[in-house]
Amino acid sequence: MSMRTEYCGLVTEHLLGQTVSLCGWVQRRRDHGGVIFIDLRDREGLVQVVCDPDRAEMFATAEGVRNEFCVQIKGLVRNRPEGTVNAGLKSGKIEVLCHELNVLNASVTPPFQLDDDNLSETTRLTHRVLDLRRPQMQHNLRLRYRVAIEARKYLDEQGFIDIETPMLTKSTPEGARDYLVPSRVNAGQFFALPQSPQLFKQLLMVANFDRYYQITKCFRDEDLRADRQPEFTQIDCETSFLGEQEIRDLFEDMIRHIFKTTIDVELDATFPVMPYSEAMARFGSDKPDLRVQLEFTELTDAMKDVDFKVFSTPANAKDGRVAALRVPKGGELSRGDIDGYTEFVRIYGAKGLAWIKVNEKAKGRDGLQSPIVKNLHDASIAAILERTGAEDGDIIFFAADRAKVVNDSLGALRLKIGHSEFGKANGLVQAGWKPLWVVDFPMFEYDDEDARYVAAHHPFTSPKDEHLEYLETDPGRCLAKAYDMVLNGWEIGGGSVRIHREEVQSKVFRALKIGAEEAQLKFGFLLDALQYGAPPHGGIAFGLDRIVTMMAGADSIRDVIAFPKTQRAQDLLTQAPSPVDERQLRELHIRLRQPEQPKA
């Protein structure tokens, strides 16, 4: 008989009366009145093994096994006795009567029980091998595998070709810092790990491969958050001779296919499309969570002449904004709740949080409860009540500051209230999946510190055709042929139509204050390629880690990556990064300089 004939979790009634050989790990060992029960686990699940004392040698071995011992058992599949069926297990109607038990490898006492749900992330990542044995982690990584498989199936059916691009490449400015790799044979020179395959996939379009994809690692040396890793995985795609709408349709279908085939979720037949300007005006975010049934109300124009300088000053500022967030039934929020929200918005730069409770709307000013009402004239109060559509029992929160602070703080408050217990109880958040496309992004953002424009996405995104003239006269007015796919408040994919003409690409570089010499030095290979009849092309990249995190309902991207880094970009399992030998540094012509100590 083979070492293993079946997976533990797949032993069911169809094997009744058969002898099987199973391999796995001891989940738990129980001694019940002279009979030993072993819950044997492998990647497919659990099966109950019964060790009877009639087989003395086998029973003696069973007495010695402990949690996480790796064992092989041979035995007879039989029905469980009446009253002992476990409906929670696929194998819960049967058990295996053990005839032979072999310890393949003993285990030291594990540092934690695999069914402990209260482990710190540090403990889990330090002992990642054991953590990966947990059923939830097994589920997450197998889900990740299925998502990748279904993406490949779809793209293959659509005529895409999987082509690998280099991991050692040229350092080019794309927003985040590069991970640099020193070259031993080219002293003093460095490769960079790719932040994306962006330029190579464009070159593949010029090279007539028409449709390209790869599921690939990308690297960015940036500050980490719950949804970021220094190395992450993209489903990276590019296609020729398709317009923006056709590209969106193609990849919208891909995401629908993946969700249906992996978790049996039917996404909307057509994803709504929202311009960037509308998303910012209504939600303060370019990745709005449409499950939350709360929206901003614009009040900037109505607050220009009020005596309340907290409102009037930003209302009259060039980059200022005053906006409101009406919360239905929010009048029941306590002062403690409001104080908590006030402290919360300070995280996002807000100086405070003004509010008005609407007790009796019909009474106008007299029906409102708020410390700020006395500072507002009747016309402004009327505008607030009319524009927000406030009703008795509502509360209205206000943000007034630079537009970015208003958008960030009030947008975060919108999500916090919507997803709170109060929000759930009052229907302020819907269940399910709410996808959309956000389009028409600004082409450039102005960097006050450097006094120049920077690319909002990357410098290879095409401006909208009608905005080409602004590249040289007013770059701030340019909108891009860029699009992000957003799902439940997460950007899961982003892409654009690319620049395919050399003269347009050069104009964009000039708008970014990248001179001809610098452009040739950094991007000469691209500019040269664009001169050889480059086709119109565009593409998109999806964050595989993010998609799987959402599907799995995981708290963090780290829960869907086998060996992730911490928020300090450290691998607690292998203790990377770590110092290297002085000889290695000499071979690379590198001398370390100690970081400067902060002054006392």
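The backbone N, Cα and C atoms fix where each Cβ goes, glycine too.
Per Swiss-Prot, the feature site 'Important for tRNA non-discrimination' maps to H32, G83. Residues or ranges marked as L-aspartate binding site by Swiss-Prot: E174, R220, H457, R498. Residues or ranges marked as region 'Aspartate' by Swiss-Prot: 198-201. What Swiss-Prot lists as ATP binding site is R220, D221, E222, Q229, E491, G543, L544, D545, R546.
Overlay of Swiss-Prot feature records on the structure.
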residue : record                                       : DSSP class
H32     : site 'Important for tRNA non-discrimination' : strand
G83     : site 'Important for tRNA non-discrimination' : coil
R220    : L-aspartate binding site                     : coil
H457    : L-aspartate binding site                     : coil
E491    : ATP binding site                             : strand
R498    : L-aspartate binding site                     : strand
L544    : ATP binding site                             : helix
Remark   = Here the recorded positions are H32, G83, R220, H457, R498, and the Cα closest to that of E491 (ATP binding site) is found at H457
Ask   = Across all protein chains in the structure, which of the recorded positions H32, H457, R498, R546 has the highest Cβ count within 10 Å?
value = R498
Ask   = Relative to the Cα of L544 (ATP binding site), which of the recorded positions H32, G83, H457 has the closest Cα?
value = H457
Ask   = When the Cα of R220 (L-aspartate binding site) is compared with the Cα of each of the recorded positions H32, G83, R546, which one is closest?
value = R546
Pairwise Cα distance for H32 (site 'Important for tRNA non-discrimination')/R546 (ATP binding site) [Å, integer] = 46
Note = Out of the binding-site residues E222, E491, the residue with the smallest number of other Cβ atoms within 10 Å is E222
Remark   = H457 (L-aspartate binding site) to R546 (ATP binding site), Cα to Cα, whole Å, comes out at 19
PLDDT averaged over every residue in the region 'Aspartate' (198-201) = 97
Message = Between C-alpha atoms, which of these binding-site residues comes nearest to G83 (site 'Important for tRNA non-discrimination'): E222, R498, R546?
response = R546
Query = Roughly how wide, in whole Å, is the group R220, D221, E222, Q229, E491, G543, L544, D545, R546 that binds ATP, by largest Cα to Cα distance?
reply = 20
Task = Note down the number of other Cβ atoms within 10 Å of the Cβ of R220 (L-aspartate binding site), including every protein chain shown.
result = 21
Query = Taking the Cα atoms as reference points, how far is R498 (L-aspartate binding site) from R546 (ATP binding site) in Å?
reply = 24
Task = Kindly report the helix/strand/coil residue split of the region 'Aspartate' (198-201) according to DSSP, in that order.
result = 4 helix, 0 strand, 0 coil
